[in-house]
Amino acid sequence: MFDDQDEIHPLLAGAPQTTEFRKLRKRIVREVREAIETYGMVERGARWLVCLSGGKDSYTLLAVLHELKWRGLLPVDLLACNLDQGQPGFPATVLPEFLSRMGVPHRIEYQDTYSIVMDKIPQGRTYCALCSRLRRGNLYRIAREEGCSAVVLGHHRDDILETFFMNLFHGGRLATMPPKLVNEDGDLFVYRPLAFVAEADCEKFARDMAYPIIPCDLCGSQEGLQRQQVKQILDGWEARSPGRRQVMFRALMNARPSHLLDPGLFDFLGLATAPRASEERQDEPPHLRGEA
């Protein structure tokens, strides 16, 4: 299915012809298809706004979605979108030139949210939370303007797992990024088709394809300390017990509300025991109980 180089989307032209890369590519495609099917992301004839930051994850997402569409396996229109947030030194020509060369429909939007973030966040604090909120609001607006039904993000399995533990350790709740949700206004879906894909696979895929990666440290902000700490914890667990990340991720798909403590998820007040067999027999007539 994926070996004919004469019938391939330009985003995957020049892919390494090694057995290792073929296996990687097929695994990522399979996991993306599984996420799309499991969470019912496809509405035939829909239009998706595929968010492209220039990082390894969003390049992987864009390539795989276009590959699926190219193969007739994703019956939706795709519009790539990059939000240039005015960060100093951002290479503004990289993405539009790349997307044009690949023949990918796209929209490049400039919004100086960087100045807002710098004005609102004290020096020494992480900018990521406010930056993300401003970016999300602009992406929703663009999606509406472009007639899109969904905003598609490049969060992968490790992002989802890290967010779960951040909420557990620091937020006091069991929650993470779901693969599919509806925005607060109720008019747009938000999809994460890379939900089942490991970060390491995204990194290797983008590196092997030699996509022009744009780092996320141009504004001088580093990733939040809490996320870095969680990542280090998970890395340690994975090193001591390979496969631990995948086991924990599967647990997020196997919740049992009756074995947790949230009365909003399970009706503990209405919980009742079933009558014992001996008690049921007391209600029977004597001749049916063998006493006549």
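In case you wondered, yes, glycine gets a Cβ from its N, Cα and C as well.
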Stated Swiss-Prot location of motif 'PP-loop motif', expressed as one of 53-58, 221-226: 53-58
Which of CYS128, CYS131, all binding-site residues, has a Cβ with the fewest other Cβ atoms inside 10 Å: CYS128
DSSP residue counts for the motif 'PP-loop motif' (53-58), split into helix, strand and coil: 3 helix, 0 strand, 3 coil
